[in-house]
Amino acid sequence: MASSSSFLLIAALLALVSWQATAFDPSPLQDFCVADMNSPVRVNGFVCKNPLEVNADDFFKAANLDKPRVPNKVGSNVTLINAMQIAGLNTLGISIARIDYAPLGQNPPHTHPRATEILTVLEGTLYVGFVTSNQPAPNRNKFLSKVLNKGDVFVFPVGLIHFQFNPNPHQPAVAIAALSSQNPGAITIANAVFGSDPPISDDVLAKAFQVEKNTIDYLQAQFWENNHY
């Protein structure tokens, strides 16, 4: 595993690169706006805590991102640090995640509706890719993919379906990602389509996927586990 100092250096560099880019979240109009989690007022984001009450702990979390996590049944575990975990991230337009992959594990196809993601591999090898939107031919749903090794970096544009897969049957992999939102959101495609509550009509899905309704019923009966923690 990478040393703690190397891990923190990579994390800091990723955070800096993401901050320098144009953030998807609105730019702050003051030095900071630490989230007041106890305020009854509801706004787009969080109400600011009184600056006179702000302290260093509002910008800190002992997240143990250098420690491995146990992947779930799809073979991955995403540990996201956003404004819900560090109140000082409110309005700053950035978050960070550690992703652990079991051998042959994957972070299944998903999107971040509010963020671009930049990912680097800390350990192991990852096969990654994303699909473009429904553009006119010949660029319609173009699939772009790459095999990443330790130290490689890859960017997933905001809102596009993407994934990561560990092709090694014997060794785990670890990556860290910076995202250009304090709350990037995640929509795992299979979970959203087949595991929604209440379920989407099997007539609708059978027509959309051009399959028999019993196939849809089977998929909807599965347990679609969340790998974001």
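From the backbone N, Cα and C atoms, a Cβ is placed for every residue, glycine too.
According to TrEMBL, the features are:
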type: BINDING; residues: ASN107, HIS112, GLU117; note: oxalate binding site
type: BINDING; residues: HIS110, HIS112, GLU117, HIS162; note: Mn(2+) binding site
type: DISULFID; residues: CYS33-CYS48; note: disulfide bond
type: DOMAIN; residues: 63-217; note: domain 'Cupin type-1'
type: SIGNAL; residues: 1-23; note: signal peptide
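Sequence features, as recorded in TrEMBL, placed on the structure.
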residue : record               : contacts (Cβ under 8 Å, 6+ apart)
CYS33   : disulfide bond       : GLY45, PHE46, CYS48, LYS49, ASN90, THR91
ASN107  : oxalate binding site : VAL74, SER76, VAL78, ILE99, TYR101, PHE163, GLN164, PHE165, ASN227
HIS110  : Mn(2+) binding site  : ILE161, HIS162, PHE163, ALA186, ILE187, THR188, ILE189
HIS112  : oxalate binding site : PHE156, VAL158, GLY159, LEU179, SER181, PRO184, GLY185, ALA186, ILE187
GLU117  : oxalate binding site : VAL155, PHE156, HIS162, ALA177, ALA178, LEU179, SER180, PRO184
Site of maximum Cβ density within 10 Å, from recorded positions CYS48, HIS162: HIS162
When you average the Cβ positions of ASN107, HIS112, GLU117 for the oxalate site, which other residues in that chain have a Cβ within 8 Å of that mean position? ALA97, HIS110, THR111, ALA115, LEU119, PHE156, HIS162, ALA177, LEU179, PRO184, ALA186
Would you list the other residues of this chain near Mn(2+) - those whose C-beta lies within 8 angstroms of the C-beta centroid of HIS110, HIS112, GLU117, HIS162 - in sequence order? THR111, ALA115, PHE130, PHE156, LEU160, ILE161, PRO184, ALA186
